[in-house]
Amino acid sequence: MPEYPTEDTNASGKTSGSSPDDHTDDNAPSFFSCENLCIVQVPVSTGSLNGFSIGFVAVYMHLYEIFSGCSALESSGACSGNSKCTWIPNNSTCVWKDCNGAAGATTCKDGSGYNSLESGLFACSMIVGSMIGSIFAGKFLSKFGLKMSFIVSGVLGIVGSALIHVATRGSTLWVMCVGRFLMGLVLGLVCVASPMYVNENAHPKYRKTIGVLFQVFTTFGIMFAALLGLAIVKTPGHDKASGLLWRMQVFCSVSTALSALLLVLGLVVRKSKTSFAGGVDSAGEGVLDPNEYSVRQMLGPLAVGAVTAGTLQLTGINAVMNYAPEIMRNIGMDPMEGNSAVMSWNFVTALVAIPLVSRFTMRQLFLACSFMASCACLIMCGIPVYPGVASVDNRNIVATVGIAVFIAAFEFGVGSCFFVLAQDLFPRSFRPTGSSFVVMAQFIFNIMINLLYPITVEAISGGKGKSPEKGQSVSFIIFGIIGIICFVLQLRYLTPWEDGQGTSTSPTARCNAPTSPNNGEGEPATADMSPVEMSTPKHSGAA
């Protein structure tokens with residue numbers, strides 16, 4: 001299988017510093033060729049696992065709420081299938097164990113599902129694991145390589161999935177959290193490794209297209225989880241523990257299968273041609289020195305990367321995903337049906353990014369779409385929802401359209417371009433460290449949103465039990481303002497790393513650096529351009 005060079009070499013064997021995109025498309029294989037599909041399988045498998053793990057939370061919590069509703073169980077066999085329930089032979093009823101046989105069905109229903117603390121632990125366990133995994137991803141990739149990262153991720157994913165199966169059978173929260181934490185470690189590693197593998201090994205003609213597939217299949221995984229959950233709750237017998245338990249196990253088995261697929265991927269995928277000094281694959285030519293640039297030299301790109309992570313998370317994508325089912329409920333839709341509709345729209349809009357990246361630069365898409373998403377948060381999801389601004393009917397319509405616009409803008413450019421930008425902001429030798437930091441930053445912001453959003457909504461709305469419209473409105477106004485601030489900073493400082501620019505790494509210096517119209521030999525100066533800046537096959541619109 002051919003390996004596409006990332007740098008040109010001259011007669012003396014020294015690198016000329018040219019970008020992969022400087023190579024012509026004459027030797028480009030078909031997109032559906034074997035060698036190209038070998039690269040495509042990486043973002044497809046890793047993105048699907050990432051997406052299903054994200055979509056897992058809302059669906060599983062809903063299924064568990066049904067499963068743990070003891071009063072709905074009508075036989076001793078079904079009741080014994082739930083470790084938190086007990087069967088009362090005298091009146092042939094199933095009650096919550098904490099009821100001690102004295103309480104009625106209404107009290108037992110109060111014990112179904114997770115409480116607020118348990119829900120928080122369940123939701124955040126994977127994100128915390130992802131943050132920790134991304135912290136160590138850079139060192140791990142430099143030492144053991146990309147191929148080994150997929151193998152280790154597959155093994156950890158299988159172990160984590162096995163614990164989730166055990167926790168589902170015994171309704172044990174702490175085992176579930178440990179399993180989700182291990183899955184988080186996997187995702188923290190693959191969110192760095194998968195985009196890096198594509199960046200280092202894909203043919204220049206397809207690098208951006210394949211690069212966005214990680215986000216596209218992340219949205220596919222989220223949608224698949226939502227649709228599978230909808231199918232489960234629409235089948236007869238789903239409200240009985242004896243019938244629901246095996247359905248929940250089937251739902252959990254998707255993560256197991258995807259983790260096994262990741263392990264197989266690690267075993268069969270070819271090694272990346274990029275290796276780092278001090279690593280297990282450091283023999284041979286073209287080895288990169290991970291210590292070529294210090295963190296101090298890279299403070300500028302790292303700061304810009306943190307701002308892009310803020311755009312990804314602090315504009316409220318996770319809050320929108322949580323708020324969307326309630327919006328659908330408000331306009332008369334079933335919550336699970338509404339959730340499936342929103343996640344399907346999320347996937348469809350992500351598909352649009354595939355043709356867009358061949359027409360525009362990553363920078364152009366990211367900037368334009370971040371501005372559009374921020375405006376949607378501020379003007380459509382924020383201000384109109386504030387109590388008294390609009391009637392209830394108009395408010396719901398505008399907010400629903402606003403969420404649709406926000407999701408579309410996010411998937412057109414913000415989500416799809418983020419993981420590619422996390423690579424191209426840094427020189428190749430610094431990418432394990434730089435990309436690891438940027439991905440870690442977005443997980444930190446993710447945790448902040450998951451923890452602070454419900455608290456903020458409740459506090460601004462006047463406390464528990466109050467109508468949430470005021471708190472939701474103010475929250476989305478804040479999201480919009482944060483997005484606008486990030487947009488202004490990125491408009492000034494978001495530029496990809498250019499080979500040969502040396503250590504002038506401050507954002508200001510990089511933005512103000514002059515660009516020569518040619519390379520001294522009458523040819524356009526595309527040699528120093530990163531893939532982020534290659535807007536079209538003719539390189540006609542670098543932003």
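Each Cβ is built from the backbone N, Cα and C atoms, and glycine gets one as well.
These features come from Swiss-Prot:
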{"type": "COMPBIAS", "residues": "7-19", "note": "compositional bias 'Polar residues'"}
{"type": "COMPBIAS", "residues": "503-519", "note": "compositional bias 'Polar residues'"}
{"type": "CARBOHYD", "residues": "N90", "note": "N-linked glycosylation site"}
{"type": "CARBOHYD", "residues": "N91", "note": "N-linked glycosylation site"}
{"type": "REGION", "residues": "1-24", "note": "region 'Disordered'"}
{"type": "REGION", "residues": "503-543", "note": "region 'Disordered'"}
{"type": "TOPO_DOM", "residues": "1-38", "note": "topological domain 'Cytoplasmic'"}
{"type": "TOPO_DOM", "residues": "60-120", "note": "topological domain 'Extracellular'"}
{"type": "TOPO_DOM", "residues": "142-147", "note": "topological domain 'Cytoplasmic'"}
{"type": "TOPO_DOM", "residues": "169-172", "note": "topological domain 'Extracellular'"}
{"type": "TOPO_DOM", "residues": "194-212", "note": "topological domain 'Cytoplasmic'"}
{"type": "TOPO_DOM", "residues": "234-248", "note": "topological domain 'Extracellular'"}
{"type": "TOPO_DOM", "residues": "270-300", "note": "topological domain 'Cytoplasmic'"}
{"type": "TOPO_DOM", "residues": "322-337", "note": "topological domain 'Extracellular'"}
{"type": "TOPO_DOM", "residues": "359-364", "note": "topological domain 'Cytoplasmic'"}
{"type": "TOPO_DOM", "residues": "386-400", "note": "topological domain 'Extracellular'"}
{"type": "TOPO_DOM", "residues": "422-436", "note": "topological domain 'Cytoplasmic'"}
{"type": "TOPO_DOM", "residues": "458-470", "note": "topological domain 'Extracellular'"}
{"type": "TOPO_DOM", "residues": "492-543", "note": "topological domain 'Cytoplasmic'"}
{"type": "TRANSMEM", "residues": "39-59", "note": "transmembrane segment"}
{"type": "TRANSMEM", "residues": "121-141", "note": "transmembrane segment"}
{"type": "TRANSMEM", "residues": "148-168", "note": "transmembrane segment"}
{"type": "TRANSMEM", "residues": "173-193", "note": "transmembrane segment"}
{"type": "TRANSMEM", "residues": "213-233", "note": "transmembrane segment"}
{"type": "TRANSMEM", "residues": "249-269", "note": "transmembrane segment"}
{"type": "TRANSMEM", "residues": "301-321", "note": "transmembrane segment"}
{"type": "TRANSMEM", "residues": "338-358", "note": "transmembrane segment"}
{"type": "TRANSMEM", "residues": "365-385", "note": "transmembrane segment"}
{"type": "TRANSMEM", "residues": "401-421", "note": "transmembrane segment"}
{"type": "TRANSMEM", "residues": "437-457", "note": "transmembrane segment"}
{"type": "TRANSMEM", "residues": "471-491", "note": "transmembrane segment"}
- line: Looking only at the topological domain 'Extracellular' (458-470), mean pLDDT returns 75
- prompt: Looking at the stretches 39-59, 213-233, 249-269, 338-358, 437-457, which one shares the most CB pairs under 8 Å with the transmembrane segment (173-193)?
  reply: 39-59
- prompt: Can at least 3 Cβ pairs under 8 A be found between the transmembrane segment (437-457) and the transmembrane segment (213-233), with each pair 6 or more apart in sequence?
  reply: no
Query: Does the chain bring the transmembrane segment (249-269) near the transmembrane segment (213-233), so that three or more CB pairs sit under 8 Å (pairs 6 or more apart in sequence)?
result: yes
Statement: Row N91 (N-linked glycosylation site), column other C-beta within 10 angstroms, all chains, value 7
